[in-house]
Amino acid sequence: MTRFTKLTAAALGLTLLGGAAFADGHIDAAIKARQAQMQLYGFNLGVLGAMAKGDVDYDAATASAAADNLLAAATLNASIMWPQGSDSGAAKSRAKADMWSNYPDVQAKGMALVEAATAMQAAAGGGVEGIRGAIGAVGGACGACHKAYREPSS
């Protein structure tokens, strides 16, 4: 084996290792990004839910801000946060692997969340009764996707 061949083989090997490390890093980053998106949903839905239950006083500005944030999070183009290989077989993910083969259904469930968040945004500034009327659809949209495509917690 010539020196050139050895160097070429070594360079190729390092490139492949670097590519694998990048791919693993990309998957970890994607999982963290979508978990952050879920935390945004949960935080803002928690604000609205506390008002709906009467645990905190209704405040139109706060309710509107939470509903705006919820809709903004729901309308993010999250497709880059769901790469192949970032399912529950990967570290720190509860996403079921079959969501990638059922992606049209996942997208439909995402659109249901956008529609529910849009209705919440329209209702949030108009009083606590509007929040109470809209919150079930938001929770239902979240739950439909989680029931179908999220592994139970261990």
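Placement of Cβ uses the backbone N, Cα and C atoms for every residue, glycine included.
Any TrEMBL annotation is an automated prediction that lacks curation.
Quick look at what TrEMBL lists:
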{"type": "BINDING", "residues": "Cys142, Cys145, His146", "note": "heme c binding site"}
{"type": "SIGNAL", "residues": "1-23", "note": "signal peptide"}
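Looking only at the binding-site residues Cys142, Cys145, the densest Cβ neighbourhood within 10 Å occurs at Cys142.
Counted within 10 Å of its Cβ, the other Cβ atoms near His146 (heme c binding site) come to 14, all protein chains included. Shown in sequence order, Lys109, Leu113, Ala141, Gly143, Ala144, Lys147, Ala148, Tyr149, Arg150 are the same-chain residues outside Cys142, Cys145, His146 whose Cβ sits within 8 Å of the Cβ centre of the heme c site.
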